[in-house]
């Protein structure tokens with residue numbers, strides 16, 4: 001047996017005591033932890049220290065309330081139990097400031113879907129499936145070997161070249177301003193009369209094809225008119241500021257755009273490339289330097305392309321399945337129908353007509369124009385504003401079609417004001433011009449002149465005065481919606497009646 005060392009025995013006892021304490025600590029829950037979480041002496045020390053720190057923090061954050069604070073809380077609790085009311089408005093009151101009606105909007109959408117689903121089911125059971133893609137082609141072509149509408153679209157390039165050639169000659173001084181003005185007037189007159197004459201005289205032009213051609217020529221007419229005006233303004237500026245042309249309004253001092261494209265100065269803009277960029281750009285107002293986006297976003301472009309394809313098929317399907325049967329059932333002379341029967345036909349026509357108009361608006365002004373703008377990197381994408389919130393008829397016409405509104409304001413309304421005409425006369429002239437083109441785009445393709453579209457547009461003037469002076473807020477907005485829902489179907493019904501009387505009355509008799 002070796003010598004016994006008292007100091008070593010004491011140290012051994014101390015180590016054993018430490019290990020025993022560690023095991024004991026590991027068996028006790030630390031701050032809600034299970035004993036298995038601290039299964040070693042080192043882990044026990046870490047857990048103990050972590051628990052101590054958490055307890056210290058909890059003591060610091062949750063300090064005991066003083067007696068005065070407890071009394072104050074007790075009084076507040078008693079006050080809440082004694083009084084549960086305060087001065088406040090009901091949510092549906094206009095003065096409450098509440099404006100979150102998303103649930104009501106969703107309810108309206110659900111009800112709209114359900115009601116139209118019922119109508120669609122009744123239509124399907126009554127008429128069967130009427131959608132025929134082949135029939136769509138016949139709307140544009142009567143004879144597969146005769147394509148007058150396509151030929152007219154190709155011929156429109158002649159008017160574009162004439163306008164560009166005239167402006168080049170004016171910029172060089174080869175044409176005087178009077179000669180240039182006369183050439184432009186002849187060009188504009190032929191742009192409106194030549195396609196109309198072809199549509200009226202060539203039997204193979206269908207109403208749909210004629211409307212497409214005349215719509216294309218009308219857009220081109222407005223574009224070339226703006227092109228003529230802007231180049232005239234540039235020549236006037238160059239005359240006034242001949243020595244400071246580089247710093248004139250036609251060519252700012254900065255030489256690059258945000259997208260890296262170089263700015264163009266007059267007459268450097270008179271090129272084929274510049275002209276055809278403007279022809280295809282989604283705008284009616286010409287500028288020497290359009291705002292341009294830096295890149296083409298492929299994901300955005302593909303989304304708009306998908307929407308274009310989807311909604312054009314939806315338009316064609318709904319027109320064939322829903323709109324055409326309603327129109328065919330309405331093809332009776334008005335003298336053969338009493339007032340109640342006529343009202344019933346009008347209301348039956350109102351819902352599909354308005355739904356198709358809304359789909360067309362989204363397809364054309366959002367999907368198609370954004371697709372074209374993205375493809376051409378055209379920067380100004382404000383093609384419409386919040387016309388659905390219109391409280392006046394004037395606000396609607398100013399915001400539902402921004403390209404046309406900008407053109408009318410820039411090239412027609414403001415020039416009339418500068419010539420001394422009053423605002424009332426200028427506004428009436430704008431509506432008169434719009435009424436002319438509405439009638440031009442409807443009567444010529446149908447080959448009958450009844451002035452229903454013209455009368456409907458001119459009727460907007462007294463309607464705008466009445467709504468603006470006697471109806472405000474939600475009442476004005478409801479009046480605008482009623483004019484859209486009822487006014488358009490009424491004009492359609494009138495044209496359908498006259499078309500039936502003109503083409504089918506003798507056959508029926």
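Backbone N, Cα and C atoms are what each Cβ position is placed from, and that goes for glycine too.
Automatic, uncurated: that is what TrEMBL annotation is.
Computed from a predicted structure; not experimentally measured.
Taken straight from TrEMBL:
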type: ACT_SITE; residues: 438; note: active site
type: COMPBIAS; residues: 51-67; note: compositional bias 'Basic and acidic residues'
type: REGION; residues: 1-80; note: region 'Disordered'
type: TRANSMEM; residues: 104-125; note: transmembrane segment
type: TRANSMEM; residues: 145-166; note: transmembrane segment
type: TRANSMEM; residues: 178-202; note: transmembrane segment
type: TRANSMEM; residues: 208-225; note: transmembrane segment
type: TRANSMEM; residues: 305-327; note: transmembrane segment
type: TRANSMEM; residues: 347-365; note: transmembrane segment
type: TRANSMEM; residues: 420-437; note: transmembrane segment
type: TRANSMEM; residues: 449-471; note: transmembrane segment
type: TRANSMEM; residues: 478-496; note: transmembrane segment
The transmembrane segment (178-202): which same-chain residues, six or more beyond its ends, come within Cβ distance under 8 Å?
148, 152, 155-156, 159, 162-163, 166-167, 169-170, 210, 213-214, 217-218, 220-221, 224-225, 228, 440, 444-445, 447
Looking only at Cβ atoms, how many others are within 10 Å of the one on residue 438 (active site)?
18
Taking residues 6+ outside the transmembrane segment (347-365), which of them lie with a CB under 8 Å of any CB in it?
116, 119, 307-308, 311-312, 314-315, 318-319, 322-323, 326-327, 329-330, 383-384, 400-401, 484-486, 488-489, 492-493
By Cβ distance under 8 Å, which residues at least 6 away from the ends of the transmembrane segment (449-471) in the same chain are close to it?
391-394, 397, 427-428, 431-432, 434-436, 438-439, 441-443, 479-480, 483, 487, 490-491, 494-495, 498
Mind checking which residues reach the transmembrane segment (478-496)? Cβ under 8 Å, same chain, six or more beyond either end.
327, 330-331, 345-346, 349-350, 353-354, 357, 390-393, 396, 442, 446, 450, 452-453, 456, 463, 467, 471
